[in-house]
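Written below as structure tokens is the structure these notes are about.
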Amino acid sequence: MSHVMNTYARLPVAFSHGEGSWLVDTDGKRYLDALSGIAVSTLGHNHPDLVATIATQAARVLHTSNLYRIPLQEELSDRLAAVSGMDEVFFCNSGCEANEAAIKLARFYGHQRGVDNPAIIVMEKAFHGRTLATLSATGNRKAQAGFEPLVSGFVRVPYNDLEAIRGIAGHNQNVVAVMLEMVQGEGGIHIADLEFQRQLRALCDEKGWLLICDEVQCGVGRTGTWFGYQQSGVLPDVATLAKGLGSGVPIGACLASGKAAGLFGPGNHGSTFGGNPLACAAALTTLECIERDGLRDNAVKVGEQIRSGLAEALAGVAGVVEIRGRGLMIGIELDRPCGELVARGLEAGLLINVTAEKVVRLLPALVFSEADARELVARLAPLIRTFLGA
Ligand SMILES: *Cc1c(COP(=O)(O)O)cnc(C)c1O
């Protein structure tokens, strides 16, 4: 027994190193990594450009402080603004921190408009993190249980339900923002309809609300566009990033545009580590490789290959409810809880995840190749068939 706090039901495996979409455990067994550390290792493992960037930056300077100018942070903010269409960026270290910044920004915006008790509309099945405010915004009672009192100021509606949001608009004068994932990750790979996204943008404009997109999981190229909201062509007022942004080096970001930009001044928010030179260098290389190597197109192509390959291999199998997703964010919903598939995958040399009890979730690196995709289908389809007794 170690002294690590027991917050994860850990699988009995540890990895010593990796290469591309493959990981090797401490006994030398190889695993195809179809999860990439939950959408984190964008460039796969041991990517030569990222390794070089980190080594070079480590030999220059790792950390200075946000008390000083950080040129790499300025460069990354320019790059993020260019690919996102947003105006300015606050840097932090994780997804929940990015969302904390977004929630504070929305409240600050509300107070400036004379709303003393600002409220944010959030979605059922949403996941926004595990700090107190983001846990309160999360739509999962199990995750919240035992941590009450939750932070107030959140109003929940069903996903993809514009009428429910309109209904709240009719009687709640405290609403200042709507926060959602354009593709829900932890909730089971649910996609916001493109028309819902556009109508929601219009409603937010009409009401003067901020549209906050949590892109922590679906952002940074994973769905085939830089950000999930770009599939419908809407531009949010606030967008949050983390997971895949540094390809494994922790970094988060809260982006603001239009009426959400220019709100915070010195003293309103901060982070000791946020946007340090090492993290920004890793993120810049991640963005550069996505662009240079056509990884957004790769996500579309290989994602389609995985979905159609699985659809073919699982055709007619009773118990497969739906195979869905965007790019390399894929869910296979079964008709029953299927958590044990994770351990069976491990035996078969395959790293997958199950979320929302019944949804097999695949989040491979954006460098996942066609050969990797064939291997994934060849390993996963029989596991699901056997599990379902087909
Ligand atoms: C993972 C995740 C978070 C939380 O990120 P952490 O880095 O674990 O704090 C927030 N929102 C979404 C959509 C996520 O997938």
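Cβ coordinates come from backbone N, Cα and C, glycine included.
Residues annotated as pyridoxal 5'-phosphate binding site in TrEMBL: F127, D214, E215, V216, Q217, T272. All protein chains shown were included, and the count of other CB atoms within 10 Å of the CB of Q217 (pyridoxal 5'-phosphate binding site) stands at 28.
Secondary structure at S271 (N(2)-acetyl-L-ornithine binding site), taken from DSSP and collapsed to helix, strand or coil, is coil. The N(2)-acetyl-L-ornithine binding site annotation in TrEMBL covers R130, S271.
Long-range Cβ contacts of K243 (N6-(pyridoxal phosphate)lysine) within its own chain (separation 6+, distance under 8 Å): I38, A39, V40, G95, V216, Q217, G219, V220. Annotation source TrEMBL lists N6-(pyridoxal phosphate)lysine at K243.
Within the set of binding-site residues E215, Q217, S271, T272, Q217 have a CB atom less than 6 Å from some atom of ligand 1. In the three-state DSSP reading, K243 (N6-(pyridoxal phosphate)lysine) counts as helix.
Between the CA atoms of S271 (N(2)-acetyl-L-ornithine binding site) and E215 (pyridoxal 5'-phosphate binding site) there is a gap of 20 Å, rounded to the nearest whole number.
Among the binding-site residues S271, T272, the residue whose Cβ has the fewest other Cβ atoms within 10 Å is T272.
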